Amino acid sequence: MNHLDRLERKIGYRFNDIALLKQALTHRSAATQHNERLEFLGDSILNFTIAEALYHQFPRCNEGELSRMRATLVREPTLAILARQFELGDYMSLGSGELKNGGFRRESILADCVEAIIGAMSLDQGLAVTTQVIRNWYQQLLAEIKPGDNQKDAKTRLQEYLQGKHLPLPTYEVVNIQGEAHCQIFTVECKVKSAGKIDRTFVAKGSSRRKAEQAAAEQILKELDIK
């Protein structure tokens, strides 16, 4: 059994075209044939699959409640938890710079890799099989999730915290965009002033402006120890 056989067992899916899995595991720092296009595809499929599952699971919830629960289930920290369960860091291909910086442990890289694997599965065997695999991954998370304030996304929770303390709201600014139009990486600076323990700028990256802003807000919430 090779190392990718072991990974396939962990994710509960066997590829017909193993090259797709290899590409899904390849970070842009390692090769020109990397996983960002697959990540783009997987992100959309994951959002649809979780949205459909929540729609049927919570027939009395409104659109806002469903959106918040979906955001909780597909956000970067949740995907990073799945990645660690699969031990994706042991299988990823990273450039030397990312390896030195511990990229195989970074939440954003792990989360992107999960989405890329979803995209690869959809190209390999289609949507029906892929959505079932995703449901298998999320079985426990879907069973545990409930509507409520704790499902609000990071930006909303940060804004409400600052408003409650009568502090200035954070400002978000895109400071860099890398890559071609179909696979861009956004770098966002989030500035927070006089928020108790912090008064500084946080920097985060994501495959969209929204993801980068949410990642920056998550950093601040962790700094403030807000669950």
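Quick reminder: no glycine exception, Cβ is built from N, Cα and C everywhere.
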Given that Swiss-Prot annotates D112, E115 as binding Mg(2+), state which candidate in E36, E39, E189 belongs to that site as well.
E39
E115 (active site) versus E39 (Mg(2+) binding site) - Cα distance in angstrom:
5
Spacing of the two Cα atoms, E115 (active site) and D43 (active site), in whole angstrom, works out to 5
Apart from E39, D112, E115, which residues in this chain have a Cβ no more than 8 Å from the mean position of the Cβ atoms of those residues at the Mg(2+) site?
N35, E36, L38, F40, G42, D43, A111, C113, V114, A116, G119, S207
In Å, rounded, how far does the Cα of D43 (active site) sit from the Cα of D112 (Mg(2+) binding site)?
8
So among the recorded positions E39, D43, D112, E115, who's got the most Cβ atoms within 10 Å?
D112
Per DSSP, the domain 'DRBM' (153-226) contains 29 helix, 28 strand, 17 coil
